[in-house]
Amino acid sequence: MAAFLCLGAAGKRASVSFASSGLCHFPSDSGKFCVSKAVVGSTSGRVRVARETPRCVSSSPSSSQYDYDLFVIGAGSGGVRASRIAASYGARVACAEERYLGGTCVNVGCVPKKLFVYGSHYGHMPEEARNFGWDFGTDKKLDWARFIENKNAEIERLNGVYGRILENAGVQKIWGTASIVDAHTVQIGEQKYTTDKILIATGGWPNMPKVPGIENAISSNEFFFLKDLPKRTLVVGGGYIAVEFACLLNGYGSQVTQIYRSDLYLRGFDRDVREFLAEQMVAQGVNLKFKTDLKEIVKLSSGAFKVALTTGDEIEVDCIICATGRNPKSSNLGIAEVGVKMGKKGEILVNDRSQTNVPNIYAVGDVTDRVNLTPVALAEGHCFADSEFGGKVRMPSYEMIPTAVFSNPTIGTCGLTEEEADAKYGRDDVDVYKTNFRPMKQTIAQGTERTLMKLIVHRSTDKVVGCHIVEPAAGEVIQLVGVAMKAGATKAHFDATIGVHPTAAEELVTLRSRVDRS
């Protein structure tokens, strides 16, 4: 290690030490900085800084006694983001992963699901195209194996991208199952690592119903690796994952039955949206069965399965997919032994800075069961790193989060449902604007698809507090509507905006008649 004398801000002297890594720290009027490259003059001996980044700001002055400043358990969306940002502030970071880089989203979630959704739409295109003058003949064939091969190649590419993100940030990747020994020690195999802070970002794992024969069913994870497209599929569950699977499998040509134990799926979404999508799915050929559940699964000699339902009905299918919720992946981490508090589902309880009751242990993403969305995990991981290592306290906002369900058609939603708005503001202080129409494309394509758009307005302030869209491009549209709503857009702002014609989205700025809710 070499030591130099350099001039800081306003000509102040600063003693600088360079380690073999080429990094040094020196004080300035605006705080301390981590210098990644410096040039020493051959005659003057002065140090010229070529590039500098904000220094790691640690709440613990004794962090150098540990192997790392931060040890992250889980290399999913939240864990990788937190690792990269913390390392950019000069923190010494390790990230442990037992399965695959990118977590649920990249491997068995958002990314492969969206690829399946894309593929499911092509089967109907020849019929739709015929009325537009195209004729692709009648020889329509699906090569499922080719698609799965291409999907796997894309996931493998993304695994590599995540690996390079960590490497380029200077984060040490450690493969293996991690457990917490104490508040400052993580063990993987026989190796123990000490750290100032621990971040748990292990995500969630599918929950399977406890019924006889459940070993014959698969979870949402296994679905993405099916060797063949099932001819007849039973989808169990009423959340967005179950709805997406039912729609995409129907699009690929499987005969789909979806069951849900309550009266209508997508609990927590706007009632109009739920009812509208159910109508659309039935029109497309999905068999929806509500107020029923699995009772027993029996494998037949043919290889098919006989499924008994709680209503007494029986159906025969070739594949049973359970999308019945996900539980926080918090078991076998040793967190209970070190005193970290958890909720009934095993979710790690944290404050608004993602900090557990053990001060130096934090958690982000689905393992906390706050808002289980990839962009939220990214935001939580980024805010954690900024707050704990960047010297700028930031907390994610959970209001006005735009989200999409990639059903057919897609749902885009942001803000309050009509029911939530009534509960928050009172029914007399809420206005609803809604339209249900046939898209222009379908006037020629002659399909069954329709579009629903709905705005919820707080009458006293004129603010748009809810937007709900069911339309093929709803995911793209709701992202930008979310920006407007986050900025506090009013109904008057929507009304004053010129529409893009002809588009479905222009309906959002031309809605004028309130729904009569008397």
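The backbone N, Cα and C atoms fix where each Cβ goes, and this holds for glycine too.
GLY325 is the residue from GLY160, GLY163, GLY312, GLY325 that TrEMBL records in the NAD(+) site together with GLY237, GLY238, GLY239, TYR240, ILE241, ALA242, VAL243, GLU244. Between CYS110 and the candidates CYS95, CYS105, TrEMBL records the disulphide pairing with CYS105. Each residue in PHE245, TYR265, LEU266, ALA323 lies on the same chain as GLY237, GLY238, GLY239, TYR240, ILE241, ALA242, VAL243, GLU244, GLY325 and has a C-beta within 8 Å of the C-beta centroid of that NAD(+) site, without being one of the site residues.
Taking the C-alpha atom of GLY325 (NAD(+) binding site) as reference, the shortest distance to any of the recorded positions CYS105, CYS110, LYS114, ASP366, HIS501 belongs to ASP366. If you compare every pair of Cα atoms in GLY237, GLY238, GLY239, TYR240, ILE241, ALA242, VAL243, GLU244, GLY325, the residues listed for NAD(+), the longest distance is 14 angstrom.
Considering only the recorded positions LYS114, HIS501, the Cβ with the fewest other Cβ atoms within 10 Å is that of HIS501. Neighbour counts of Cβ atoms within 10 Å were compared across the recorded positions CYS110, VAL243; the minimum falls on CYS110. For VAL243 (NAD(+) binding site), the spatially nearest entry among the recorded positions CYS105, CYS110, ASP366, HIS501 is CYS110, judged by CA separation.
Nearest to LYS114 (FAD binding site) in space, judged by Cα atoms and limited to the recorded positions GLY237, GLY239, HIS501, is GLY239.
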